[in-house]
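Taken straight from TrEMBL:
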type	residues	note
REGION	36-57	region 'Disordered'
COMPBIAS	40-57	compositional bias 'Acidic residues'
TRANSMEM	69-87	transmembrane segment
TRANSMEM	99-120	transmembrane segment
TRANSMEM	141-168	transmembrane segment
TRANSMEM	225-246	transmembrane segment
TRANSMEM	258-281	transmembrane segment
TRANSMEM	301-322	transmembrane segment
TRANSMEM	334-355	transmembrane segment
TRANSMEM	457-475	transmembrane segment
TRANSMEM	495-512	transmembrane segment
TRANSMEM	532-549	transmembrane segment
TRANSMEM	570-593	transmembrane segment
TRANSMEM	613-638	transmembrane segment
Amino acid sequence: MPKNSKVVKREIDDDVIESVKDLLSNEDSVEDAFKKSELSVDDQDKDVDIEEGSDVEDERPAWNSKLQYILAQVGFSVGLGNVWRFPYLCQKNGGGAYLVPYLILLLVIGIPLFFLELSVGQRIRRGSIGVWNYISPKLGGIGFASCVVCYFVALYYNVIIGWSLFYFSQSFQHPLPWDQCPLVKNSSHPFVEPECEKSSATTYYWYREALNISNSISESGGLNWKMTICLLAAWVMVCLAMIKGIQSSGKIMYFSSLFPYVVLICFLIRGLLLNGSLDGIRHMFTPKLEIMLEPKVWREAAAQVFFALGLGFGGVIAFSSYNKRDNNCHFDAVLVSFINFFTSVLATLVVFAVLGFKANIINEKCIIQNSEKIVKLLEVGNVSWAVIPPHINFVNITAEDYNLAYDMIKKVKEGEFSALGLKPCLIEEELDKAIQGTGLAFIAFTEAMTHFPASPFWSVMFFLMLVNLGLGSMFGTIEGITTPIVDTFKVRKEILTVVCCLLAFCIGLIFVQRSGNYFVTMFDDYSATLPLLIVVILENIAVSYVYGIDKFMEDLKDMLGFSPNPYYYYMWKYISPVVLLSLLVASIVQMILSPPGYSAWIENKATEEFQSYPKWGLIVCISLIVFALLPVPIVFLIRRFNLIDDSSGSLAAVSYKRGRIIKEPVNLEGDDTSLIHGKSPSEVPSPSFGKKIYRKQTGSPTMDTAPNGRYGIGYIMTNMSDMPESDL
């Protein structure tokens, strides 16, 4: 006990409520007690926020370890796009040269904006709705827009996990079911399925066996029951993992985030041992510097950086809100961003090693088929033996010898060459065929794996990896929906998660119709791109210009214990907004110039054809964008013009102070504390005399209590004239 403290023994009435902690807290001096009280009530600029030390703060979940948190952020940011989007863009936009604009834009918009979202989530310790209400209540619609976009993305993203689960379940067979075209039996003799013969075994299996796809988006075709069951399984997995929030999903992150790296490394080692894998990697990283100067390359690189890190979804903010306030989120931002980048490079190496192997197999078939044609042409005399170099052996011909014979015949038969029906068999041409998205995972990769030794094992590993990548991103997406709603409306997280997943499954039945793949394309193109760009632009403006970039930098210094590099100041205030606005304009122009449509699978032609959306489809596309952005102007107008009565307890009557939701005072008359602090009696926090001491006001049986059920300091101070200061 301190030397200066005094224990005053006296009689008090039964209205004084004390506990063991209250008695211990009396050891503090009166001056210290009032300083603490002032910090709790008035100090809005310090790190000691209103909710610190409160029951709300104590009850907020936290990560078990820093590793668990990093794995959660990595699992959210590293997703299917790293495997089937980045390699495609790299191949399409200059090979190795594409890495230069990507890295530049990662430093200009990627890391700064990722750091910004981590910072606001960790500082305010709320989900996206609470964070942006705290920054500026008029911009609170940003958080609601993030939730809507998250939900749109979750609807179709889990369908892809369902597809992966279906292929995973079918991989426990030898040979794999997509290895050969099926035979159709009739009365005379069996024959190969015509649709499969026109395309390929893996293409036929994807469109006909897995999706059983219709010819257009207007032909529903009913539910595909196999995919419906897989979608249900996917949502059950997500629901069970997320039902306890980070307390349940955090433990699963150890597996879901690390397992894909094990698979990618195994695939890379196996791929490098395959014939032709080095051809694929060499083609991948051969820089095409002239392409790098095109504006389109920079636009697509910026979009990939933007979506790869999961900016604007709210998942980044939600995960970081469970951190301690002194966590070094700057280190986290740089670490996760570069892990994401190197994962994309690793996935690209794997993809092109496998595609190089596949291209060699296709090239060998091409050489054999065309060599047989050349032999027939030589036998019938259409081509003279004198044209063919004497060392060429058509029984065991190499790629170099075939190309030499092809060039000689083309030179001699220049006018008649097209009629001969010979094809150039070049690996580069096969590798130049740009494949992305589902076409890469469910057609090209599956075809390559049929030629692997022990192909079922590699197929199981590959699709289990896709499931884990998808689940890691889904956890962050669902967290971006549930955390803001739980923080704002104080609902039970378990109930909200179950309702959210059940409703999503019901809506997701749209995507497991026979025409469901076309709706997945529609949602992927229109539900996220523009809305997320606008959301992140508003986030940047809200922090830099509404809240104030100087004040935000001071907050970061107070939180981190050091001043962030001035680089971030200039990025957030000048460079990032300009780059984001440029990207938004370029995306709108691209959307206007590209006719809205989708690639439909035509059964009788066994090929894809571009089709425009019907009128109702265009309305759906526009509605997705409008509904995602609608919360921003609605919340702004409600709070700007007080369109909803403050006394109604509705959305307009809510203000946010340091992450706490409090009602706007309706009547401040007759309460000195409310006049001083601008709060109603029930909103005034308790004094910080160590813990809390409460005293009822004599003769006030109907008095309101503090939010925790006890009496606030406002009532202590109004009836304590008979109490010596030393007794406080």
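Each Cβ is built from the backbone N, Cα and C atoms, and glycine gets one as well.
Segment contact holds for the transmembrane segment (334-355) and the transmembrane segment (258-281), given three or more CB pairs below 8 angstroms at sequence separation of 6 or more. The stretches the transmembrane segment (457-475) and the transmembrane segment (99-120) are not in mutual contact, being linked by fewer than three Cβ pairs under 8 Å (pairs 6 or more apart in sequence). Counting same-chain residues at least six beyond the ends of the transmembrane segment (301-322), those with a Cβ under 8 angstroms from any Cβ of the stretch are 60-63, 69, 72-73, 76-77, 81-82, 85-86, 89, 93, 98, 101-102, 105-106, 109-110, 113-114, 117-122, 124-128, 131, 143, 146-147, 149-150, 153, 246, 329, 332, 336-337, 340, 344, 473, 476-477, 479-484, 487, 528-529, 531-533, 535-536, 539, 579, 583, 587. Between the transmembrane segment (532-549) and the listed ranges 69-87, 99-120, 225-246, 495-512, 613-638, the one holding the most Cβ pairs under 8 Å is 99-120. Packing against the transmembrane segment (141-168) from elsewhere in the chain are residues 80, 127-133, 210, 226-227, 230-231, 233-235, 237-238, 312-315, 438, 441-442, 446, 459-460, 463-464, 466-467, 470-471, 473-474, 477-478, 480-481, 484-485, 500, 504, 507-508, 511-512, 516, 519-520, 523-524, 527-528, 531-532, 534-535, 538-539, 542, 624, 627-636: each is 6 or more residues past its ends and has a CB under 8 Å from a CB in it. Ranked by the number of CB pairs under 8 Å to the transmembrane segment (495-512), the listed stretches 99-120, 225-246, 570-593, 613-638 are led by 225-246. Same-chain neighbours of the transmembrane segment (570-593): 105, 108-109, 112-113, 116, 295, 299, 302-303, 306, 529-530, 533-534, 536-537, 540-541, 543-545, 549, 552, counting only residues six or more beyond its ends whose CB sits under 8 Å from a CB of the stretch.
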